[in-house]
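Feature list (source: TrEMBL):
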- 525-536: compositional bias 'Basic residues' (COMPBIAS)
- 544-557: compositional bias 'Acidic residues' (COMPBIAS)
- 525-564: region 'Disordered' (REGION)
- 12-29: transmembrane segment (TRANSMEM)
- 49-67: transmembrane segment (TRANSMEM)
- 87-106: transmembrane segment (TRANSMEM)
- 143-162: transmembrane segment (TRANSMEM)
- 183-207: transmembrane segment (TRANSMEM)
- 227-248: transmembrane segment (TRANSMEM)
- 260-280: transmembrane segment (TRANSMEM)
- 321-339: transmembrane segment (TRANSMEM)
- 351-374: transmembrane segment (TRANSMEM)
- 406-426: transmembrane segment (TRANSMEM)
- 451-470: transmembrane segment (TRANSMEM)
- 476-496: transmembrane segment (TRANSMEM)
Amino acid sequence: MKNRLIDWPTFLGAFILLLIIVVPLVVFPEKGTEYVDVANSFITTNFGVLYLLVALGIFFFLIYVAISDNGRVKLGDAGEKPEFNNFSWAGMLFCAGIGSSILYWGTIEWAYYYQGPPFGIEPGTKEAIAWSSTYGIFHWGPIAWAIYTLPALPMAYFYYVRKKPVLKVSEATRPLIGNKADGPLGTLIDVLFMFGLLGGAGTTLALGTPMIAEGINYLTGLPVNMIMKTLILALVTAIFAISAYSGLRKGIKVLSDVNLWLSIFLLAFVFVVGPTRFISETTTNSIGLLLDNFFHMSTWTEPYNRLGPYDRTGFPESWTVFYWAWWLVYAPFVGLFVAKISRGRSIRQMIMGTIIYGSIGSLLFFGIIGNYGLNLQLTGEFDVINVLNEQGAPRAIIETIGQLPFAWFMILVFTVLAIIFLATTFDSSSYILASVVQKEVEDEPLRWNRLFWAFALCLLPLTLMFLGGLGTLQTAAIVGGFPLLFIMIMLGWSFMKASSGDIRNSEHYEPKTFALNYKKIVERVRRRKKKKKPKQKGPVDAHFEEEEKDKDRDEDDQPHNDRE
Ligand code: NM2
């Protein structure tokens, strides 16, 4: 029986925990919301600093791993070529880790910062404008992508190097917790991860569905109501269920490729037809501002404003901490997924690939579409902020896209893209949820299991959407994701412990770390020098000869009176 493969305690544990959270919210929506809100503000205000530190720590840790010996290890057998080419790999990575939220926030995030800037800056000023197009690329930038990559290290290492056919978060902590990985502690770790992911995905749906609904309303005139939102959810579920059902190599890859090409088309179109110079200048300027302030932004906690007669904006908790928490609940999932698609790459390639391709992808969306919107606002062509404040973000997003030439067609592209983006995040999520509740994953998780989680992912947000409690589920996910902060530290530690141990014990090991490698570098430089072409006289030689002569003459002219 294939069902023996299912790890029932984890399967049921995750499902029951979800019911324990959701049923009271359905029965006592008001009290439930209140409790969740209290827990949320307790965590983000008291532990906000912990999120900031862990996130920055993860970033440095990964850079260290990439340049150290641990990064040299190949995921798979020696001489093996990467399973997917770079383009498909980057595409799958981006499409799995990023859902329709990038279309949502990429288009509109600047407008929030414009009105509520960081660092005590006056809203709407020149400085606020500069930050408004910078903060988005920070919240979706290298630190965020580093959070995504960390869990991939132990998971890929155990799957491809130690060849354990288990795709589970608990399995990746085995070097630390030992056999407890098979007991309740292991189950708890997996269940917490699944719960976080279900909630994080709920946040994605809560944002994506109204935006797609507004798009359809613009295209067809149909009213935005519950029926429409339900139909959208049904459509998205159908697409990603089919994709998850047909598996990684067929469904998920094909959908990601379509997603990637459609994104490239949208971005290229806005860049060329929109204010190309403004977009290029503002994006470049933002990159500089970000690099200059990278540490300030990643550690800004607004501390004194709690004490003195200053206004507290709450910016760090409501944006940076919220974002890190949101990336965190998705991280083990993306890590598992990145691990699964990275066969044949080295750990270093996997780290650099995720951080660099990921950040560039985010930069393109925020830089092009976001700055297109900012330009509309600044030139007075279209008052995005007014629509945002009066009619909400989904409307403002669709109307921003509606300012482009061929508006109807572009909104069609945008809406279809949002649907596919949702589907590609969800097909890989259900694939991974299914993997986690299996004791072993030989090639792919069982089909019925993949389908089950595909529907479970949507069923709960759907129920809550009818009850109007989706917002609470999002907050609950962030709260429920709190333990992940510690699980992440365990994952990094496990990886180091296991891989460093294996490396040290290897008979072929020869340290090559940058610090220890100076001999090789000296040798390489020497070899290169030898290879140099014989020198010939060129256009600057006359100048140098002249200089030489001058020097000689000066030296001869100098009185030799040093001793006097
Ligand atoms: N993250 C990248 O909704 C989505 O696009 C999925 C969101 C964590 C902010 C992920």
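For all residues, glycine too, the Cβ spot is worked out from N, Cα and C.
Beyond its flanks by at least six residues, the transmembrane segment (49-67) meets 142-144, 146-147, 149-150, 153, 298-299, 301, 316, 320-321, 324-325, 328, 347-348, 351-352, 355, 485, 488-489, 492, 495-496, 513-514 of its own chain at Cβ-Cβ distances under 8 Å.
Under the criterion of 3 or more C-beta pairs below 8 Å, with sequence separation of 6 or more, the transmembrane segment (183-207) and the transmembrane segment (321-339) qualify as touching. With a threshold of 8 Å between CB atoms, the same-chain residues lying at least 6 positions outside the transmembrane segment (406-426) that come near it are 95-100, 102-103, 201, 204-205, 208, 211-212, 215-216, 218-219, 232, 235-237, 239-240, 243-244, 252, 255-256, 258-259, 262-263, 265-266, 269, 398, 454, 457-458. Looking at which of 143-162, 260-280, 321-339, 476-496 has the most CB pairs under 8 Å to the transmembrane segment (12-29), the answer is the stretch 476-496. Here the transmembrane segment (321-339) has Cβ contacts under 8 Å with residues 44, 48, 51-52, 54-55, 75, 92-93, 96-97, 139-140, 143-144, 147-153, 155-156, 159-160, 167, 169, 193, 196-197, 199-200, 203, 350, 354, 428-429, 431-433, 435-436, 477-478, 480-482, 484-485, 487-488, 491 of the same chain, all six or more residues outside its ends. Here the transmembrane segment (351-374) sits apart from the transmembrane segment (227-248); fewer than 3 CB pairs are under 8 Å, leaving out pairs fewer than 6 apart in sequence. Counting Cβ pairs closer than 8 Å to the transmembrane segment (143-162), the top stretch among 87-106, 227-248, 260-280, 476-496 is 476-496.
For the transmembrane segment (87-106), same-chain residues at least 6 beyond its ends with a Cβ under 8 Å from one of its own Cβ atoms are 136, 140, 145, 148, 203-204, 207-208, 211-212, 252-253, 255-257, 259-260, 330, 334, 337-338, 341-342, 345, 353-354, 357-358, 361-362, 365-366, 369-370, 393-394, 397, 414, 417-419, 421-422, 424-426, 428.
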